[in-house]
Amino acid sequence: QLDDFVGPHSDYNEEEEEQKYFRRKRLGVIKNVVAASLAGTLTYSVYLGLLQMQLILHYDETYREVKYSNIRLEDIDRKVLMGINVTPVAALLYTPILIRYGPTTLLASMARWHGTHASTSCPGRFFGTKWAMFLAIGIYALFVSSNYWERYYTLVPSAVAIGMVIVPLWASMGTYIMRMAQKYYEYVNYKEEQEKEKQRAPRDACNAYIIIFQTVFYSCFHLSFVCAQMPMVFFLNNYLYQLNHTLFAVRHCGTLSHGTLPGFNKTVLQSLPRSVNLIIVESALMAVAFLAMLVVSAGAGGDRDGLDDGSTSPAGTLQVLVLCGAAYRPMEEIDMRSIGWGNIFQLPFKHMRDYRLRHLFPLFIYSGFEVLFVCTGFSLVGSVTGWEVTERGQAMLSPCSLQNYGVCALGLERLAYLLMAYGFSASLCSSLALCMLRLSRHIPLLAGALIHAVLLVTLFCWAPEPRYLAQAPLLYSIAALWGTGSALNKTGISILLGMLYKKKERQDFIFTIYHWWQALAIFTVYLWSGLPMKAKLSIMLLTLVVAVGTYLWMERKVAWNMEVRLPRIPRPRHKTRGYRYLEDNSDETGSDGDGDKEDDDRHPTEATREDELPKEDGEQLR
C-alpha cells in the first residue's frame, strides 16, 4: 500500500505532461504579447486623444477668455509641448539604467549599504522591462489626471515627465516583444534543445517568431490612432463650427500657403462644452489609462512566466504582473544589472561604433519624421503646434500646422476621420510585414519607402482647394497610403533590429538607440514648425533617399560578412551581500572576483545556455 502513495502513478505519462507544460508556456508567451500590445494601444489612444482635444479647445479664443482668462493658457500649452518634445533628447543618458534598475532596486541597494537585508523581499527587484513599462504608463495616466485642474503647476510637470519616459517606454516594449519571440522559440523547440544542448541553434532559427510577434504588436498599436479619435467623434464634433465658418477667409492650402495658415478663424466652437461634460470625458479617458496600467501593474500572487523550472522568484509574492509575464529569468535579471552602473551607462554609446547601427541612423530619423508629419503637416497638429503673432504682438496658439492639407480642404470636423483612415490602414498593412517569412527582409522597408516617396512628390506638386469636399476621396486615399508606408517602415525596422541583434544582453541598448534617434527627429519637427511646407517636404524626401541608400549599403556589407565592432558585455559581478546568487546546478554563492574575466572564460553549462539562442551575424567582441 505504501507503494501506491510514494511510487510512480500508473497513468502518469512523462512525455505527455512535458508537452502540456510547454504548451502552457507557449500560451503564456502569446498572452504576454497580446497584453503588451493592448497596453501600448490603450496608453497612446488616451494620450493622443486627450492632447488633440485639449489643443483644439485651448485654441478657441472664446473658450480661453471665458474659462481661463487670467492664467495665460496659450503660454502653458507652449510649455507643455516643449516639455513633451524637448525632454526626450536626454533620454539616452538614463534609459538603460532605468530599464535595468528600478527605484525599488535603488532603495534595496541603499538598504544594503546601511547594513540591512530587508531588500530581499523588495517587489520591484526583478521587474526589468516590465518595471519600465509600468512606470511609463503610470506617468501617461498622471498626465491625464493633471487635465482635471489645468494649471501651470499641473500640466507642465506632467508633460516633462511624459517626455522623460517616451524613450524608456518604447525601448522596453521593443525589448519585451523580442524576448517573447525568443522564449517562444525555446518552448517550441524544447526537445531539440534537450537532444542537442551543446550545439548552437541555426543563426536564423527564431526569425519567424520575431516577424510574427512584431507584426502583432504594430497591428494593435496603430489602432491607437483610431481609438484616439473617439473623443472628437462622440464629443467635440458636436461643438465645432462647420468648415464654411472656420475656413471662411482661407484662400490657399498646402504648398501654396505661406506662414501660418492665413484666414483660419480664431473661434472654432459654436458653443462651449459644459465643465461637467468635460469631466465625464476625462474620467472615461482616465479609466482607460488605468486599465492600461492594470495590464502591466503590480498585483498579488506568483509570477512563474519568467522561470523555466517553476521555482518562485526571490522577489517574493508581490512581484507578479497581472497579464504581462517576466521577460527574463530572475538570474538573468541579476546578471544584466550586475555589470555595473558605469558599464550600463557607456554601452549605448559604444554600440554606436557598429557600422550596422550607424548606417541605420538616417532610417531611424525618417521614421520619426513621417509619423509626426501625418499629424502635423498633412492633417492637423498632434504634438507640435504653430505659433503666430497677432497685431497686438502676442503669441497665439494655432491648431493647424503652418501649411496643412486635410483640415484646410475638409474642415476641422473631418480631422478625426482622416486620422482614422491612417490608423486603420496602418493596422491592416502591418500584416504585410509577414511577407518577410518568405521574401528578403529589405522588401517591406523598400516598399514603404517607395510609397512615401511617391506621396511626398505628390504633395509637393499638388495643393488642395479650400472648402472643396469633392477632394475628400483623394485626401482619404493619401492618408491610407501614408499609413501603409508607415506600417511597413515601423514594423520592418523593429524586425530588422531583432534579426541583427539577438543577444539578450544587447537588446535594450539597441532599442534605446533606435527610439532616441526617433526622439531627435521629433524634436527637429518641433523646431521646423516655422518652415514653409515645400522646405519640410524637401527635407523629408532628402532624408528618405539618404536612409534608403545607407540601408542598402549596410545590407551589402552584411552580405559581404564584414566584421562588426560590438563592445564586449562585461562579465557579471555577483555580490554575496544582500542575497545569494546561485549558479545553475550549483550550491555555491557567487564570487566578487570573477567579474573581469573574458566571456569565453566561463563554466561549460553557462556556455551551453547562452548558445541555445542564435547569435548576431558576424558578432565580434571587443
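Heads up, the Cβ atoms here are built off N, Cα and C, so glycines get one too.
Unlike curated entries, TrEMBL annotations are predicted automatically.
According to TrEMBL, the compositional bias 'Acidic residues' annotation covers 584-599.
The compositional bias 'Basic and acidic residues' annotation in TrEMBL covers 600-622.
The region 'Disordered' annotation in TrEMBL covers 577-622.
Remote same-chain partners of the transmembrane segment (29-50), defined as residues 6 or more beyond its termini with a Cβ less than 8 Å from a stretch Cβ, comprise 133, 136-137, 140-141, 143-144, 147, 162, 169, 173, 176-177, 180, 183-184, 187, 213, 216-217, 219-221, 223-225, 227-232, 282, 285-286, 288-289, 291-292, 295-296, 305, 323-325, 382. Taken from TrEMBL, the feature transmembrane segment applies to 29-50 (among others).
TrEMBL lists 80-102 (among others) with the feature transmembrane segment.
Here TrEMBL flags 131-149 (among others) as transmembrane segment.
Look at TrEMBL and you will find 155-177 (among others) tagged as transmembrane segment. The list of residues near the transmembrane segment (155-177) in space but at least 6 beyond its ends in sequence, with Cβ under 8 angstroms from a Cβ of it, reads 32-33, 36, 40, 43, 47, 76, 79-81, 83-88, 91-92, 94-96, 98-99, 129-130, 132-133, 135-137, 139-140, 142-143, 145-147, 213-214, 217, 324, 327, 494, 497, 507-508, 511-512, 514-516, 518-519.
What TrEMBL lists as transmembrane segment is 208-236 (among others).
Within its own chain, the transmembrane segment (276-296) is flanked in space by residues 35-36, 38-39, 42-43, 45-46, 49-50, 53, 130, 133-134, 137-138, 140-141, 144-145, 147-148, 231, 235, 321-324, which lie at least six positions past its ends and keep a Cβ under 8 Å from the stretch. The transmembrane segment annotation in TrEMBL covers 276-296 (among others).
Per TrEMBL, transmembrane segment is recorded for 360-381 (among others).
The feature transmembrane segment is assigned by TrEMBL to 415-436 (among others).
As annotated by TrEMBL, transmembrane segment applies to 443-462 (among others).
The feature transmembrane segment is assigned by TrEMBL to 474-497 (among others). Same-chain neighbours of the transmembrane segment (474-497): 174, 177, 210-211, 214-215, 217-218, 222, 360, 363-364, 366-367, 370-371, 374, 378-379, 405-406, 409-410, 417-419, 421-430, 432-433, 436, 441, 444-445, 447-449, 451-452, 455, 458-459, 464, 510-511, 514, counting only residues six or more beyond its ends whose CB sits under 8 Å from a CB of the stretch.
Under the heading transmembrane segment, TrEMBL lists 509-529 (among others).
Among the features that TrEMBL reports, transmembrane segment is placed at 535-554 (among others).
Within its own chain, the transmembrane segment (415-436) is flanked in space by residues 211-212, 214-215, 218-220, 222-226, 228-229, 232-233, 237, 374-375, 378-380, 406-407, 443-444, 447, 475-476, 479-484, 486-488, 490-492, 495, which lie at least six positions past its ends and keep a Cβ under 8 Å from the stretch.
Below 8 angstroms of C-beta separation, residues 33-34, 36-38, 40-50, 52-53, 56-57, 173, 177-178, 180-182, 184-185, 188, 273, 277, 281, 285, 415-417, 419-420, 422-424, 426-428, 430-431, 433-434, 436-437, 483, 486-487, 490-491, 494-495, 498-499 of the same chain, each at least six residues beyond the ends of the transmembrane segment (208-236), sit close to that stretch.
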